[in-house]
């Protein structure tokens, strides 16, 4: 029996788990696999979980789960290479697509880890879900060369979301590109969060501390995130929130070639990322310990401001 409760307002969920729910479809070490023209509904946990797979295509398909069902991610490639997701409709209770690369063991074990590289997402509809395209939080093996383009994300909590979790996990995230994507009715459009608090130890001081720590094999790195031609409508909380580590500030490149079209006039200020001590806000672009480059900040109306102004 698995017990779970979901908090409202994008604030995460408490989920005491007594048993592991089954995946909808768990593919292990598969090569040259095609998943075409199918519908999967109401999986108990992650709907499709390719693990250690290579040359995988999923196309012209539908993935559905109740909107209040915990952990029902749509498609989670883990330690995979060369994955194409095209023309898939997602309507799930958690992240639509969450790219993962494993997690170190409790004593730092890493012999089971392998990188994820070469993930392409095209012509997909995400409506709704917690995140449209998510990296992490299990990313110890490293995630590289991920592209999402020509997609619509409607009513998702986040559009593009990176969450690295604890400092002990390690891993490198690099060359992540989002382009020609519509974000409509999202809460926070773009986020990178190195203090993600929803893991078991997420509220511990060594995860949430904003003080520098020694850089070692357990330090996660995020570098080379590019966003181009993204249109944001009915925005609730923030266009972009980037909270990195003081040990290694995230390098995030924003090519803002389309303006924010509109805010949701009914939205209430809310903490825009899942990290401790961040107060409610409604801002355009905020950052802390992150190197943010915006081609034309005027398109965002407000210059970037420091998120530390919103720490409790």
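Positions of Cβ are set from backbone N, Cα and C atoms, glycine also.
Annotation comment: Swiss-Prot describes 80-101 as repeat 'PbH1 1', evidence class sequence analysis. Same-chain residues lying 6 or more positions outside the repeat 'PbH1 1' (80-101) and placing a CB less than 8 Å from one of its CB atoms are 6, 47, 50-74, 113-136, 138-143, 146, 148, 153, 156, 161, 171.
Taking Cβ-Cβ distances under 8 Å and a sequence separation of 6 or more, the neighbours of residue 94 (active site, proton donor) in its chain are 65, 69, 70, 71, 72, 73, 74, 129, 130. The secondary structure of residue 94 (active site, proton donor), as reduced to three states from DSSP, is coil rather than helix or strand. Annotation source Swiss-Prot lists active site, proton donor at 94.
For the repeat 'PbH1 2' (116-137), same-chain residues at least 6 beyond its ends with a Cβ under 8 Å from one of its own Cβ atoms are 10, 67, 74, 77-101, 143-165, 169, 173, 176, 178, 181, 183, 186, 196, 198-199. The repeat 'PbH1 2' annotation in Swiss-Prot covers 116-137 and is backed by sequence analysis.
Taken from Swiss-Prot, the feature active site covers 130. Following the DSSP three-state reduction, the secondary structure of residue 130 (active site) is strand. The local packing around residue 130 (active site), expressed as other Cβ atoms within 10 Å of its Cβ over all shown chains, amounts to 23.
Residues annotated as repeat 'PbH1 3' in Swiss-Prot: 143-164. Same-chain residues lying 6+ beyond the ends of the repeat 'PbH1 3' (143-164) with a Cβ under 8 Å from its Cβ atoms: 10, 95-97, 99-101, 115-137, 171-194, 196, 220, 222, 225, 227, 230, 232, 274.
Long-range contacts of the repeat 'PbH1 4' (222-245) within the same chain, counting only residues at least 6 positions beyond its ends with a Cβ under 8 Å from a Cβ of the stretch, are 159-160, 162, 164, 167, 172-195, 212-213, 251-258, 260-264, 267, 269-270, 272-273, 275, 278, 281-290, 292, 300, 307. Annotated repeat 'PbH1 4' per Swiss-Prot: 222-245, in sequence order, evidence recorded as sequence analysis.
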What are the DSSP helix, strand and coil residue counts for the repeat 'PbH1 4' (222-245)?
0 helix, 19 strand, 5 coil
